[in-house]
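*Asks:* Below you'll find the structure I mean.
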Amino acid sequence: MSSGANFKQEPHRLLVIPGPIEVADDVLYANAHPSMSHVSAEFIPVLGDCIRMTRDVLLTSTGQPFIISGSGTLGWDQVASNLVEPGEDVLVLNTGYFGDSFAECLQTYGAKVDQITAEVGGVVSQADIESALKSKKYKIVTFTHVDTSTGVLSDAKAIAETVKKVSPDTLTVVDGVCSVASEEIRFDDWGIDVVLTASQKGLGTPPGLSILVASQKAIKVYENRKTPPNSYYASWKKWLPIMQAYEKGSPAYFATPPVNLIYAFHAALTRITKGSPSLSERLKLHREASQKVKAAGKELGLKQVPLDEKFAANGMSAFYFPEGVTGPDVLPRLFKKDVIVAAGLHKAMKEKYFRVGHMGISVVDEQRGDIDKVIASMKEAIEEAIQSKKL
Ligand SMILES: *Cc1c(COP(=O)(O)O)cnc(C)c1O
């Protein structure tokens, strides 16, 4: 059987939306693994390793990973159906589109949701979080680490600290779909209870995996429920024994795992946790790439959606178009230059801005030249768009 060392994916347009992102050749090749039984002796340790390496990405020694077929959204369902019981109070810190959706998911399962909504491009202040936590006993507090609709990065460490200080029984739940592996997350040190993510963003794997890590404290909260989880497929009652079995090296079955995708995830996690550059070096490369893209935007006179550089994400950028220029003026021009960026998503201003992802191999494998290509194409496309409006 070929090792895949010579495998190279076909030439294609550069995908720099905030996920799915570009996938390395070895990751894509791993996805082409011959069919395997999900309970075979060869496959069991592959998922077992993925569980262990997921811990390494989040810097946790005791967190319990769940790796389940689904997209990032399934992480919300897992939280809503395993950690909250109908009628319990939940606080959602909302910094954009994904806060709205997480709140809606929680309500679907019967949670009573209060929200603190930041202004567009802003973050929720620690003082507001503190006073909300003092006013009511919340089962969980959720926030979006990077809201992909605004490019706003919330201060996960400070939020977790505030929750622990003001309401120590409340669980801190992080939507890290657009931050895991591109932003710093110290799960144990910061005292986070849940990080949920997906395969296709910073983790550089094709879409299709819901990845979630729960603290032992969160597992206790789940175990002490008075009512059973109110989901079937997302129930930890089903999945926890499966994850534990695979990690121990024994077969178990609840629902068939996406075997090939788990081979791909294994290859991606191996790069991130055991490869060169190291995880901390990777995060530094993301910060540097981000500064480069943001500086280029500034030079073009583009205003960023985040109101302050201090809370702008490192794995993506969101820029307003120049006055008089719109998405249809810019995005097709970028497409013609073989660069695919994302349109706006925030409902308040969808047409007014665009989003560029700078995550994974596009950042870490500097030989690819992706970031330089993005910057050069962005410059040409914006300048051409402005020119076209003058004529
Ligand atoms: C992409 C994203 C999601 C949803 O993930 P899917 O894989 O599309 O279900 C949730 N939250 C954030 C912050 C995201 O960026």
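From the backbone N, Cα and C atoms, a Cβ is placed for every residue, glycine too.
Annotations per TrEMBL:
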type	residues	note
DOMAIN	28-348	domain 'Aminotransferase class V'
MOD_RES	K201	N6-(pyridoxal phosphate)lysine
BINDING	R355	substrate binding site
*Asks:* Just name the winner among K201, R355 (the recorded positions) by count of other CB atoms within 10 A of its CB.
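*Replies:* Answer returned by the neighbour count: K201.
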*Asks:* Provide, as an integer number of angstrom, the distance between the C-alpha atoms of R355 (substrate binding site) and the residue listed as 'N6-(pyridoxal phosphate)lysine'.
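*Replies:* That comes out at 14 Å between the alpha carbons.
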*Asks:* When the pLDDT values for the domain 'Aminotransferase class V' (28-348) are averaged, what is the result?
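*Replies:* Average per-residue pLDDT within the domain 'Aminotransferase class V' (28-348): 98.
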